[in-house]
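Taken straight from TrEMBL:
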ACT_SITE  B:Thr183  active site, nucleophile
BINDING   B:Arg211, B:Ile212, B:Gly213, B:Asp214, B:Thr233, B:Gly234, B:Lys235, B:Gly236  substrate binding site
Amino acid sequence: MVGGWAIAVHGGAGVDPALPVERQEEARRVLVRCLTAGAAALRAGALALDVVEMVVRELETDPVFNSGRGSALTRKGTVEMEASIMDGRGRRCGAVSGISTVKNPVSLARLVMERSPHSYLAFDGAEDFARKQGVEMVDNSYFITEENLGMLKLAKAANSIMFDYRVPLTGADTCRASAGLVADVGGEMQMMNGLPISIYAPETVGCVVVDSAGRCAAATSTGGLMNKMNGRIGDSPLIGSGTYACDACAVSCTGEGEAIIRSTLARDVAALMEYKGLGLQEAVDYAVKERLDEGKAGLIAVGRNGEVAMGFNTVGMFRGCATEEGLMEVAIW
Amino acid sequence: MGWAIALHGGAGDIPFSLPEERRAPREATLRHCLDLGVAALRANRPPLDVVELVVRELENSPCYNAGKGSVLTTAGTVEMEACIMDGNTNNCGAVSGLSTVVNAISLARLVMEKTPHIYLAFDGAEAFAREQGVEIMDPSHFITPENIERLKNAKEANRVQIDYTQPIKANSTNDQGDSQIGTVGCVAVDNHGNLASATSTGGLVNKMVGRIGDTPIIGSGTYANSFCAVSATGKGESIIRATVARDVAALMEYKGLSLKEAAAYVVEKVPKGNVGLVAVSANGEVTMPFNTTGMFRACATEEGYSEIAIWPVDSNGISEDSQK
């Protein structure tokens, strides 16, 4: 099927299998709402770049996912957000990191792309730029939720038990506190990026769109890894890792940030299409299967011909997609 | 097959009229760094160690845009960034926004080896540096008179530009005949095919405070895997959108191009005047293409080839090269 618009969204890969049903329903509702808004805009002829920004703003504003309000917390209990956006037409891009008072980091990333001579601004410099641009700014406490404060405590306890964060703990190694929290799947604790999956906040939200003119765009936003070191930058703001868009496709990734960076996951999907001639889903499958090694991640992608593709090697990924043909689906597992 | 090493001190609009007193120390540094790197490879040091030690040397030299000698932000301060990658494991480390750390590349390596993360920046990176006890100096240590001059000239040039969204003309030169852009980097491979890459920079003259360029972005300015190791230099914003370093390796792996073909292809696709790179392959090949006026560079292979150059090498031997 050639042509037509398509949109895909994600709310993070690496979902706790024991996530309560009402939380799953809540997540689905947010994804449906975002997809519906995105689809309506596309039907009205909106540009891909505008749609990805609008949808990610919606995801940032809602506290359900790990971006904007509801972001995971740094080890100091603060929020440091990052985001990036890329326009496949011309491969223009913008990114920000270390954002602590800007209500919508993805919009600031777009302003970096359109109103500054640079592609990436971070920390104080980015906040300064935000002030000068007159974007909506709030106190850092706005982004912090009760739930994440609780999660941070658990993450600190979990991190202090693990001597080598890369080695998955078996049930016998855990102390009582975290053992009770863990969804024991197949006799081994499910871990993501050094944390038991029940504590891990799936890193990132994202949106990829191809509009009715075949233009592709991608945007990704996150609060990052729970209990991360202050100053830690993950894959979300890194063009080629968490986000990528070109004439052929647009990609947004989520999961273990370090694994996504190492494998330059987003660019690899596009490179597999461009240099190896793979189709969109083939490229997505190949990247997830062959490029991640021990890493756990997922991604969503759209192609200029109106195709949608998704892939993940994690326990689940909050995701959804809609196409001009009338497809609309939302899934977690 | 055999070891190979290549290093650069930045690509840009380096004018042929570069005065002797500016050219000589830069060439001497390239020669010195090449000798250090070659000696280390001959002594069987792992490529990861080799690229780190060469880049440390380039950072310490005040005539290159990294460490001491870094260009200045619009606020007159130094914000350094660096990145290192191990081709064997794809492990990597990156830092940005450093103002007191003498060797950013070594801090990047510590991020890779001593934290669960890949990339630390600004206050968080500086705090980590102190925790690790790396050598730090007062920010004024890194600032040189030449860079104060460069910043002044860049600001004057900007005064003419009314449209703020137009990028600073990265290729503008000043009286001293120096390019406004630059970076340092080193790539190396040993005779077992182990690859590593390292890049370090002060960034773009008159850059906005907080601006991050291509250097610390894996796949843009720096990359290494089992096919090749690449370090890029030039206009950061162009290198990022072209994912230069990753693309060289991807072309080799996915399209079967040779190192030279892949590197040339990538450089050609970036707007003229914006990029240069050094790369080595697992087989011990070297390539150093650029689409700028010049690129400070040097390389050597176990087979005995070596080159130290600034401008394009041509058969008429116009440039100041030494080839064995």
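Note that Cβ sites are derived from N, Cα and C of the backbone, with glycine treated the same way.
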* Asked: Per DSSP, B:Gly236 (substrate binding site) is which: helix, strand or coil?
  -> helix
* To do: Tell me, if you would, which residue among B:Arg211, B:Lys235 (binding-site residues) has the fewest other CB atoms within 10 Å in the structure shown?
  => B:Lys235
* Which residues of the same chain, at least 6 positions away in sequence, have a Cβ lying under 8 Å from the Cβ of B:Gly213 (substrate binding site)? -> B:Glu81, B:Thr201, B:Gly203, B:Leu204, B:Lys207, B:Gly221, B:Gly236, B:Glu237, B:Ile239, B:Ile240
* Could you check the binding-site residues B:Ile212, B:Gly234, B:Lys235 and tell me which sit with their Cβ under 8 Å of a chain A Cβ? => B:Ile212
* Structure fact -> B:Ile212 (substrate binding site) and the residue listed as 'active site, nucleophile', compared by Cα position, are separated in whole Å by 13
* What count of other C-beta atoms do you get within 10 angstroms of the C-beta of B:Gly236 (substrate binding site), across all chains shown? -> 31
* To do: State the count of C-beta atoms found within 10 angstroms of the C-beta of the residue listed as 'active site, nucleophile', not counting that atom itself.
  => 33
* Asked: In which DSSP state, out of helix, strand and coil, do we find B:Arg211 (substrate binding site)?
  -> strand
* Asked: Relative to the Cβ position of B:Ile212 (substrate binding site), how many further Cβ atoms are located within 10 Å?
  -> 33
* Alpha-carbon distance [B:Thr183 (active site, nucleophile); B:Gly234 (substrate binding site)] in Å -> 7
* **B:Gly234 (substrate binding site) CB neighbourhood, other CB atoms within 10 A** => 33
